[in-house]
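S.K.: One structure follows; several queries about it will come next.
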């Protein structure tokens, strides 16, 4: 399941593009998540009232949360699979406080792949998409194991 060094380099190359605009990428990813899977919006008291894409695009809170999500994910990706320290508090909050099912992490992973491909087609070809998909699967597998340790079966 681990990634090769070459795969990690593909992931981190496109991630550098994301970091140039974490808020913009994050907002677009969350909008795609919420539009594709409206049930996920119910987990966010702060955003439940946002019904249209225009409202979502106008929300500074959504933009800030997108920045927060991608900052955390970037920190995990940069650890190249050695993300235990970063993952533990994230799993704790998502399992016990927010109660985010693993399925929702699959949904946001799909949104990430889609947005990166649409925004960076020349840097996110088939090899990079496969590497990012693998990295996100590793993240989900490891967070699911933490969920299980915490007794959360979301």
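Just so it is clear, glycine is given a Cβ too, placed from its N, Cα and C backbone atoms.
The nitrite binding site annotation in Swiss-Prot covers 65 and is backed by similarity to another entry. Here Swiss-Prot flags 65 as O2 binding site. Annotation comment: Swiss-Prot describes 94 as heme b binding site, evidence class similarity to another entry. What Swiss-Prot lists as domain 'Globin' is 2-148. Per Swiss-Prot, the feature phosphoserine maps to 4. What Swiss-Prot records for 68 is phosphothreonine, and it gives similarity to another entry as the kind of evidence.
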S.K.: What is the three-state DSSP composition of the domain 'Globin' (2-148), stated as helix, strand and coil residue counts?
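M.R.: Split into helix, strand and coil, the domain 'Globin' (2-148) gives 115 helix, 0 strand, 32 coil.
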S.K.: Around the Cβ of residue 68 (phosphothreonine), how many other Cβ atoms lie within 10 Å? Please give the count over every shown protein chain.
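M.R.: Residue 68 (phosphothreonine) is surrounded by 13 other Cβ atoms within 10 Å.
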S.K.: Using other CB atoms within 10 angstroms as the count, which residue among the binding-site residues 65, 94 scores least?
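M.R.: Fewest other Cβ atoms within 10 Å, among the binding-site residues 65, 94, is found for 65.
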S.K.: Return the residues near residue 4 (phosphoserine) by Cβ distance under 8 Å, restricted to its own chain and a separation of at least 6 in sequence.
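M.R.: In sequence order there is nothing to list, since no residue at least 6 apart has its Cβ under 8 Å from residue 4 (phosphoserine).
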S.K.: What is the separation, in Å, between the Cα atoms of residue 94 (heme b binding site) and the residue listed as 'phosphothreonine'?
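M.R.: Rounded to the nearest whole number, the Cα-Cα distance is 14 Å.
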